[in-house]
Amino acid sequence: MEKIIVRGGRKLNGTVKVEGAKNAVLPVIAASLLASEEKSVICDVPTLSDVYTINEVLRHLGASVHFENNTVTVDASRTLSTEAPFEYVRKMRASVLVMGPLLARTGHSRVALPGGCAIGSRPIDQHLKGFEAMGAKIKVGNGFIEATVEGRLQGAKIYLDFPSVGATENLIMAAALAEGTTTLENAAKEPEIVDLANYINAMGGKIRGAGTGTIKIEGVKALHGAKHTIIPDRIEAGTFMVAAAITEGNVLVKGAVPEHLTSLIAKMEEMGVQILEEGDGLRIIGPSELKPIDLKTMPHPGFPTDMQSQMMALLMRANGTSMITETVFENRFMHAEEFRRMNGDIKIEGRSVIINGPVQLQGAEVAATDLRAGAALILAGLVADGHTRVTELKHLDRGYVNFHQKLAGLGADIERVNDEEAVHIENKEVVSDLNA
């Protein structure tokens, strides 16, 4: 088992480039199943484990998928299988995004119930409600969700009880080949939704209103392959913004799109962090003293839940009491216990956490409880006394490309090692401490 070892105390300086957005590329690759002719070419694709998983799902379904030099080429013109088995879906809940395109294109989809990060229940009832409104029959049993429709799906007016990103994406894809017009009300507004709509429109789709609460999809009879470049990853950008701030560093985050990061920029500036637009990115200058703040996670354009754990790491360094309220997912404070192992003064009260700072964090062995928590623990390690050892890196690899190498390029004392190497390093450090 591998772990990342961080030795705290270095200010980060330099330039880091953001990858293509993980949360945009997965639905875009899934949407390639809609193309009954021509190949799709998707550029700026990050080399993440989740990308390899969704590629395997498409191959299992009968599509030809080639991934090289950050470019995915998909040919889904042949006859497709309609079942996504548990061996793939258990690794990543985004695999459920093949339901919409399969149902629209073939009239049938059978997908195993999803896996991925263990963040609350994350139900997919909004997806299924939308499919039913468009004329599909749904059966759930034996660990699978099966959807069927006679002929084409029918355009419908669908109100989402919650602006679910996954449901919005799945229903856009299903509606793209439906007969008539579908209207999604209370739709998710994330930049990744806009990216998906732009891709489907390039394939010959007719989608209007993406990025607003009301999206209209006029169904077409067929879609073709298209070339598309994925937007930069706003969560990776935000993570490096926090890395610069927490270490009192000075870092240019290339590819960070200010319009995608409005709430994060506002909250970091409220803490006293200097953020400047520079070229095609943002320069982050961390202050010597951070101010405490309160924040609440919300659907976009509110504060993103995927930045909650990183901000918790930053707030442990703030001078005073801060509060974070999580409204998007339940059970997303598991990293708080790991921060406590590092001397964090954190108290959980229902869906909120109270953070008292500043504290001098202490290096410890901690486990990444989910993807973003893994990054947050590494950020905390950047300013902890001694060395911090972060395990369960499979979560981190689902969302970050060469995270430790990028931090090392900014001056962090960080390395990724296996168990044997870790023991050797720790023994050397014990001897060094004894001789000091």
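Yeah, the Cβs are placed from backbone N, Cα and C, and that goes for glycine too.
Annotated in Swiss-Prot:
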ACT_SITE  Cys117  active site, proton donor
BINDING   Lys22, Asn23  phosphoenolpyruvate binding site
BINDING   Arg93, Arg122, Pro123, Ile124, Asp125, Gln126, Asp306, Val328  UDP-N-acetyl-alpha-D-glucosamine binding site
MOD_RES   Cys117  2-(S-cysteinyl)pyruvic acid O-phosphothioketal
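Looking only at the binding-site residues Ile124, Val328, the densest Cβ neighbourhood within 10 Å occurs at Val328. Long-range Cβ proximity for Lys22 (phosphoenolpyruvate binding site), meaning a same-chain Cβ under 8 A and a gap of 6 or more residues, is found for Pro46, Leu48, Asp50, Val51, Asp233, Ile235, Glu236, Arg398, Gly399. Highest Cβ count within 10 Å among the binding-site residues Asp125, Asp306: Asp306. According to DSSP, Pro123 (UDP-N-acetyl-alpha-D-glucosamine binding site) is assigned to coil rather than to any helix or strand. Sequence-distant neighbours of Gln126 (UDP-N-acetyl-alpha-D-glucosamine binding site) (same chain, 6+ residues apart, CB-CB distance under 8 A): Leu160, Asp161, Phe162, Ser164, Ala167.
When the Cα atoms are compared, Val328 (UDP-N-acetyl-alpha-D-glucosamine binding site) and Asn23 (phosphoenolpyruvate binding site) turn out to be 16 Å apart.
Long-range C-beta contacts of Asn23 (phosphoenolpyruvate binding site), restricted to its own chain and to partners at least six residues apart, with a cutoff below 8 Å, comprise Val165, Glu190, Glu192, Asp233, Ile235, Asp306.
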